[in-house]
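*Asks:* Questions regarding the structure given below will be posed in turn.
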Amino acid sequence: MSKAPVRVAVTGAAGQIGYSLLFRIASGEMLGKDQPVILQLLDLPQAQKAVKGVMMELEDCAFPLLAGMVATDDPNVAFKDAQIALLVGARPRGPGMERKDLLTENAKIFTVQGAAIGQYADPNIKVLVVGNPCNTNAYIAMKTAEKFGRVNTKNFTGMLRLDHNRALSQLASKTGRSVSSLTKLVVWGNHSPTMYADYRFCLSNGDNVKALVNDDVWNSDVFLPTVGKRGAAIIEARGLSSAASAANAAIDHIRDWVLGSNGEWVTMGVPSDGSYGIPEGIIYGVPCITENGEYKVVKDLEIDAFSRERMTVTLNELLEEREGVKDLL
Ligand SMILES: NC(=O)c1ccc[n+]([C@@H]2O[C@H](COP(=O)([O-])OP(=O)(O)OC[C@H]3O[C@@H](n4cnc5c(N)ncnc54)[C@H](O)[C@@H]3O)[C@@H](O)[C@H]2O)c1
Ligand SMILES: O=C(O)C[C@H](O)C(=O)O
């Protein structure tokens, strides 16, 4: 017997990430090749015509797993009974901006959407915030949803997976090992240049990657800035912010959360439970293992002085961002 469809809400459906994301969700790459989906697409009133165009193209793919589509400019409709939500819709940064420069502009979107999720979504909805600055936007949505006391606020997450994937590629190229051989990588903190990509625990076919690299100067002068500033480098090269790689990371994040990471570590921005000295509730990138639709934070890793310093810098930025939005909450 075929499975009941899962309701997936996607915001910013007419945008460039939306265009890379929706077809892959509908083809089963996110929730499995046996899992029908209903897409609930939210965008602004002026983008509804473009959303209709995307829906026409989705129809033209004749995806067997696409069990229905809804297009709307009303968040209360988009999130109704949604079991998964990808909050992509927000303004992207342009050249010379930092992601936190988007905070005042984008923050209000996430109070409105957090309230709609809090009132109308499935109580166990899994939320991934992609729109920048994604950690603090996820925090805003979570705090707003929390007021309605219906949904599991542990399930509000921010996207660090693109940074994780970027770090994997840089490490593969530095060590000459395949991406698929690399395990136990983590990117701590904020999705911003302050993020701390940490390969101290990383293994490649049983070999310690830190020992393979054996180059602390490369770590601080090449690797960390390359990963941290990759988004800006893409904006500089393309004239637009990353889209296909962002959509790919969103698929990876939700797929692993729903279908499990088979014991492997994945980086997720999750509301802190106080581990690693991160204040409770701050959405902070940590290593997680996912199983049965739940994530568990990998605990008790040793944090050396260099790592503590980096983790504090990225935490302080998140605390500043939280301070900047406190009047909205
Ligand atoms: N976390 C990450 O790793 C990551 C990676 C890439 C991009 N991003 C961010 O994702 C966001 C979207 O990027 P994009 O390239 O798709 O932008 P885009 O401008 O191409 O598309 C954004 C879409 O969102 C819509 N939108 C705006 N406000 C909305 C609202 N209130 N409700 C619903 N829809 C709304 C717009 O109409 C547009 O269709 C940006 O904030 C960007 O910075 C995050
Ligand atoms: O950098 C940006 O503004 C877009 C995105 O967050 C990225 O990392 O590519």
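Each residue, glycine too, has its Cβ placed from N, Cα and C.
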*Asks:* Determine which of Asp34, Asp43, Asp81, Asp122 appears in TrEMBL for the same NAD(+) site as Gly12, Ala13, Ala14, Gly15, Gln16, Ile17, Gly18, Asn106, Gln113, Val130, Gly131, Asn132.
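*Replies:* Answer per TrEMBL: Asp43.
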*Asks:* Suppose we screen the binding-site residues Gly18, Arg93, Asn132 by Cβ distance to ligand 2 with a cut-off under 6 Å; which survive, in sequence order?
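*Replies:* Cβ under 6 Å from ligand 2: Arg93, Asn132.
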*Asks:* Report the same-chain neighbours of Ala14 (NAD(+) binding site): residues 6+ apart in sequence with Cβ closer than 8 Å to its Cβ, ordered by sequence.
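*Replies:* Sequence-distant Cβ neighbours: Asp43, Ala47, Gln48, Ala50, Val51, Val54.
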*Asks:* What are the sequence-distant neighbours of Arg166 (substrate binding site), meaning same chain, six or more residues apart, C-beta distance under 8 angstroms?
*Replies:* Ala197, Thr226, Val227, Arg230, Ser245
*Asks:* Taking a cut-off of under 6 Å between Cβ and any atom of ligand 1, tell me which of the recorded positions Gly12, Ala14, Arg166, His191 pass.
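*Replies:* Going through Gly12, Ala14, Arg166, His191 in sequence order, those close to ligand 1 turn out to be Gly12, Ala14, His191.
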